[in-house]
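**Q** The feature transmembrane segment is assigned by Swiss-Prot to 30-46. Annotation source Swiss-Prot lists domain 'FAD-binding FR-type' at 72-177. According to Swiss-Prot, the feature FAD binding site maps to 180-215.
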Amino acid sequence: MFARQTFRCAQPLRQSFRKYSTEAPKAKSLAPIYTAVGLTGLSVGLYRYYYGAGATAEAPVERAKVFTGGDQGWVDLKLSEIEVLSHNTKRLRFEFEDKEAVSGVTIASALLTKFKPVGAEKAVLRPYTPTSDEDQPGYLDLVVKVYPNGPMSEHLHSMNVDQRLSFKGPLPKYQWETNKHEHIALIAGGTGITPMYQLIRQIFKNPDDKTKVTLVYGNVTEDDILLKKELQDLENTYPQRFKAFYLLDKPPKEWTGGKGYINKELLKTVLPEPKEENQKIFVCGPPGLYNAVSGNKVSPKDQGELSGILKELGYNKDQVYKF
């Protein structure tokens with residue numbers, strides 16, 4: 001299944017990556033285009049005949065937004081569905097009171113969650129990136145992996161349908177614009193895939209966005225790979241623009257992807273070269289990943305200095321963004 005993503009040595013991967021970067025689309029017949037143009041013209045003519053020359057197409061629906069930021073305060077949402085994805089991961093769906101409203105979450109941003117444990121003096125706050133589409137009305141989804149001694153993830157996994165959770169936001173991260181970069185690389189570990197998936201989905205659902213995307217995603221076991229089907233579907237649909245490389249610390253015998261931790265040899269092989277113009281590298285994952293790859297952030301508003309593997313490979317601070 002992962003034959004195209006196997007990390008055997010640097011040279012085969014580099015050849016695959018070069019082909020992905022330079023292969024031209026195959027020529028196609030123009031007949032379907034002419035047919036489509038003709039049918040479009042006919043449709044416009046019939047529309048004007050029945051509704052008049054001054055008629056215009058219906059404007060897109062402007063939906064209310066659940067989260068507006070600023071001084072809005074906390075919004076309580078009811079848990080409506082629970083889907084078990086693996087031994088330690090669930091997809092939780094929280095519904096909006098207004099079933100026609102959208103979340104108001106932007107690319108790339110997150111929501112702050114809050115709950116107060118019984119007997120505790122302070123509430124627990126944690127940011128989460130929704131995995132549902134930003135244009136989806138009626139609800140939002142969180143993919144949550146439970147961590148030992150992680151108070152918020154343990155609370156979320158203990159929740160039952162019809163219970164409520166407090167949200168606030170959105171919390172803006174990186175302001176994405178169509179074709180802002182020619183090529184982006186995403187380096188993720190564990191649940192760090194969620195903001196990456198948010199960005200990937202936005203790029204490929206926009207027909208005007210031609211950005212190339214390379215994903216390097218590390219996990220402990222195969223069951224830990226979050227959003228696996230969604231990522232594979234996108235890679236199969238856009239093979240010339242999206243490549244994903246998976247690594248497992250504890251792979252099964254039949255695993256054909258990368259083994260071990262995200263390392264310098266792999267990144268040197270699959271990432272765009274530092275000298276390439278108009279590129280950006282995004283990093284998100286546990287502290288150990290940041291330490292090894294890019295260095296940690298100082299604060300949510302301070303990216304800190306670039307260090308680790310990316311600095312060793314010759315990238316500069318402006319080429320890297322740490323979620």
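Glycine too: its Cβ is placed from the backbone N, Cα and C atoms.
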**Q** So how many other Cβ atoms are close to K180 (FAD binding site), meaning within 10 Å of its Cβ?
**A** 14
**Q** If you count Cβ atoms within 10 Å of the Cβ of A185 (FAD binding site), leaving out that atom itself, what do you get?
**A** 24
**Q** Count the Cβ atoms, other than its own, that fall within 10 Å of the Cβ of K205 (FAD binding site), considering every protein chain shown.
**A** 12
**Q** Between G190, P195, which of the binding-site residues has its C-beta surrounded by the fewest other C-beta atoms within 10 Å?
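**A** The binding-site residues G190, P195 were compared, and G190 has the fewest Cβ atoms within 10 Å.
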**Q** Long-range same-chain neighbours of K210 (FAD binding site), Cβ under 8 Å, sequence gap at least 6?
**A** N179, R241
**Q** Count the other Cβ atoms sitting within 10 Å of the Cβ of L215 (FAD binding site), across every protein chain shown.
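**A** So the Cβ neighbour count for L215 (FAD binding site) comes to 24.
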**Q** Which value does the mean pLDDT take for the domain 'FAD-binding FR-type' (72-177) in this predicted structure?
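**A** The answer is 96, the mean pLDDT of the model over that range.
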